[in-house]
Ligand SMILES: Cc1cc2nc3c(=O)[nH]c(=O)nc-3n(C[C@H](O)[C@H](O)[C@H](O)COP(=O)(O)OP(=O)(O)OC[C@H]3O[C@@H](n4cnc5c(N)ncnc54)[C@H](O)[C@@H]3O)c2cc1C
Ligand SMILES: Cc1cc2nc3c(=O)[nH]c(=O)nc-3n(C[C@H](O)[C@H](O)[C@H](O)COP(=O)(O)OP(=O)(O)OC[C@H]3O[C@@H](n4cnc5c(N)ncnc54)[C@H](O)[C@@H]3O)c2cc1C
Ligand SMILES: Cc1cc2nc3c(=O)[nH]c(=O)nc-3n(C[C@H](O)[C@H](O)[C@H](O)COP(=O)(O)O)c2cc1C
Ligand SMILES: Cc1cc2nc3c(=O)[nH]c(=O)nc-3n(C[C@H](O)[C@H](O)[C@H](O)COP(=O)(O)O)c2cc1C
Ligand code: FES
Ligand code: FES
């Protein structure tokens, strides 16, 4: 079965990519398998300046999920451009470069510079990271701000721009429509749900940052619902994510309305999860009598 | 250890009650244990007229959670007043009567009538049920509407009024502050997160209603976060809920800022869960060196 | 109605994907009416979270045991199938109301119509009806030859007609085809199986006396959550309802809306 | 670095809440440096979700086995403790960089300082250092008498001083108290244990040469998620960092900020 999906800036061999922040810049996973197998790679959020991120503990396990408050640790734009991206050029795989910042100018600068890298196929605007206190979060929950940022980044960027939506909103379709109008080429969703855990021994939050982003299988029903809702209001490409662990999960996202998917947390429990899913996908599609991905894509789920 | 908690309208022997909609009107659970053991009972949402609710399937399992779209099925105000509540009078336990409706007038009528029942200690305004298409949901996500409804119900009711907050919002503190200002005597939180699951065999949503409310352990980190956030902005009593399964979970909610808790979905997997938690609680509190509930309550979690 | 840890006495495959499990515990004492079910937590912890409703297929009061038959399909039933003899299982039951057999009289004839995994609850029912002196014909429908089970057991209580949808065994077609082909007549019809089958039976035998057992996705299994309600045929759009878990799962033919 | 299903050869309690597990598989071939760890999925499915990092305590290349010692405390380690001989466990490893022993020379003296569940990685290290001809003193700190483990094993490689916080066994107090009380001097210090202990060691022996092994809550365990970073002591507020999982868990004394 032909698994390829052609998304703006991302000619994907198959609809599966690792999610941003859950795959670093690929080096660690390249020790386990050939990254050229992947449909694309969403690299870790990049900011103009290097960031250390939040104090530790930065992760906490929850039932069927985890909280993280990494705080956008990254080596900064220059190092990503000069070291990480060139290293990834050895693989035949398009890169979705996740861009973050605290001001609109930051986003513009990073977007402009990253688009100039030969293997960056598209940008993913991280307007939804719940772990950064300045900016970040507000961009993702306010449709007007999100739209303005999208428009400005579109001007600065020379590759297609995907906006990564936050699930921490009352109406995800409002943001989706706003960024579409502002020129977004695609949507990726969902980022993490804001959550918290308390350590009974210390009576304090486990995360040094108090709150963090919830990911993993626990959030999948919320993600599926949001992809479905957004698919009703837009024809933009959607890269769906949230709790994917198996080929069945991928199919569920595709039926909900996604064109491709990203796998996050599952990379931590099984470093081979992406290639395993890619390998399993044709058989699982057949089992469910799906003869091409096109059959599913853009299909409104009517009942 | 003295486990009693005295909340407006609800003199509770202990901080544990079953959550609305997960315990019917108590009859089924009374076959398993004496309901007088409970701190309180939150009964099923009552609307002025009897409602059949949504078509089936109404529930779908998710990883560490479940979706429900019951659609507020209930026998209607008269029957609740004449049959269900009088039946509950045999137990020594205060009732928190959950009130729902599609118009403000509905809420007022139900609130007025239910407050007149002798064993109803307080009302719980269900402004957050994601399963009713008219009204309901909007009340819970718009601070102004929520405040107006609260003010009107306060006038109609003769017992304290708790407002049940929806987690499907960008800023839960805004709603909490709005209803506090409008006169709410307490808050209960969280209701279910809107979610969805698709059946790969049929390619359609499992729930006949397409979307439903996510509950169970999967949502606990979101609930803890919201209780914590709301505790920072109000001194109103908070009845916390979302994924509670054990005495440890109860303690986590109390530390986060709740004064008491409600247990929902766990009643389905273990009908004895409430009395078991109540029994275990003193020992678990001791294990964690908590010598009275008062120690925890209203304690801001500082780090 | 009890929540009890029962002991697995046997867990063996019967047919493709179909397992037989015998469970032992004092809960058995409360089991009388054929057609009740148990609600099983297939694993400790949250994965999967909910209990699984499974019909009681046979009861052995002497040994305080009962039998369930189930298809290992999703997560919960697959885990259940992996239990070994001697392990303990967390079970809530017996739940619901079984098949009434008071009205059926000795000498009358009964057809038991089972479809796939709807077959199990009919077995103990058949035994009870046979004890009462009724003539029993069991019409059992399966997908294909590989998924046929309990044919021999049903033969012990009467005549058996097996139909398979793909024609690989017995009569080719559905149970309704089989009843027609055999020209069966009966005083009572008791049935359990997929909804389309039950609907076809009600449509084909609008005058038949008897009972059907229904399935629905459940939350609590005890009548508290309103997950499993159905409309009544005499008030199909109204607010009257029955809960499948606690009012059913067995209802008189043509009582509730099959959907 | 492999992901492999390993076979449980042994799983036995050693002390109160402390278990010893021996695992067999080809992954063992890659284990060389003492102080590396493995990342274990304690159960299939999502409950619990994440792997658990556990240090390698001993390696038996002849039989392709290695030993881990762990405290069964939370959900994951409790499940691990329940594994039976012959069961398979999903393990990722060996991970991280162990204790460097190249610089230590025959005839020199070493103190191994272990606190509680930080003791295990020091054992294989001690064996290796003994092979090299160093004189070894192990200072092992525990909560109380009931949680003391591996004292005999450490005695086979050198002198052993045990301290318990409640004084119920050995020297009363912390490992630092024990080192002082015994007036130990050493050329090398290798340590693993709770952060306050490591901090106290760095403060008490600001000139000591040696290494510490750190713990932190982990996501991936392989360096991809940035959950486990720490600052460097020469840039405590800056952007330079080390990842405990892939740069560590072992670092030279005074290299990284202990927090
Ligand atoms: C009263 C009653 C009696 C039953 N008796 C039997 C029996 O004797 N033998 C047997 O094999 N099966 C029986 N079933 C069906 C059985 O409950 C389901 O096959 C089973 O719950 C599926 O679980 P799973 O883990 O395989 O599937 P999953 O897909 O993991 O299940 C996910 C969720 O959906 C629910 N679900 C899925 N299919 C069904 C279904 N058909 N009916 C109700 N809930 C469902 C599950 O209970 C669970 O909550 C009965 C159902 C009911 C309501
Ligand atoms: C490099 C390294 C080596 C270790 N070696 C050993 C060893 O040899 N023996 C041993 O008993 N323990 C060791 N630990 C600690 C061990 O990883 C934790 O005790 C264990 O993860 C706790 O899991 P749980 O299921 O008991 O607790 P839970 O409370 O269920 O754990 C919840 C989450 O918190 C994490 N967590 C909790 N405590 C710790 C901790 N102290 N360190 C890291 N993560 C934690 C868990 O991994 C899990 O993700 C080591 C830790 C690290 C980082
Ligand atoms: C440890 C961790 C770090 C993450 N970092 C980023 C990030 O830098 N940028 C971003 O857009 N999303 C980040 N995410 C969110 C994921 O890309 C993804 O949206 C989310 O985890 C849901 O998918 P999952 O459930 O498959 O993990 C991070 C998630 C995790 C768990
Ligand atoms: C089947 C079901 C029905 C519910 N019905 C109601 C309801 O009628 N009114 C209400 O306010 N909340 C209702 N809820 C929400 C619960 O009261 C509770 O807020 C939520 O389930 C979170 O708690 P839990 O995770 O412990 O279940 C319902 C939840 C479930 C699972
Ligand atoms: S399953 Fe809860 S009422 Fe039937
Ligand atoms: S645990 Fe992921 S980088 Fe160390």
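Keep in mind that glycine also has a Cβ here, set from the backbone N, Cα and C atoms.
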Residue in B:68, B:126 which TrEMBL records at the FMN site where B:20, B:44, B:45, B:98, B:164, B:190, B:216, B:242, B:243, B:264, B:265 also bind: B:126
Whole-number mean of pLDDT values that fall within the domain 'Dihydroorotate dehydrogenase catalytic' (B:3-285): 95
Residue B:126 (FMN binding site) in three-state DSSP notation: strand
The one of B:242, B:264 whose CB sees the fewest other CB atoms within 10 Å, among these binding-site residues: B:264
Integer Cα-Cα distance in angstrom, residue B:264 (FMN binding site) to residue B:192 (substrate binding site): 10
For residue B:190 (FMN binding site), the number of other Cβ atoms found within 10 Å of its own Cβ: 28
Rounded to the nearest Å - Cα separation of residue B:45 (FMN binding site) and residue B:192 (substrate binding site): 14
Binding-site residues clustered about residue B:44 (substrate binding site) [Cα within 10 Å; pool: B:20, B:190, B:242]: B:20
Nearest recorded site to residue B:242 (FMN binding site) by CA-CA distance, among binding-site residues B:69, B:71, B:192: B:192
Contacting binding-site residues for ligand 5, chosen from B:44, B:69, B:71, B:126 when the Cβ sits under 6 angstroms of any of its atoms: none
Other C-beta atoms that fall within 10 angstroms of the C-beta of residue B:71 (substrate binding site): 21
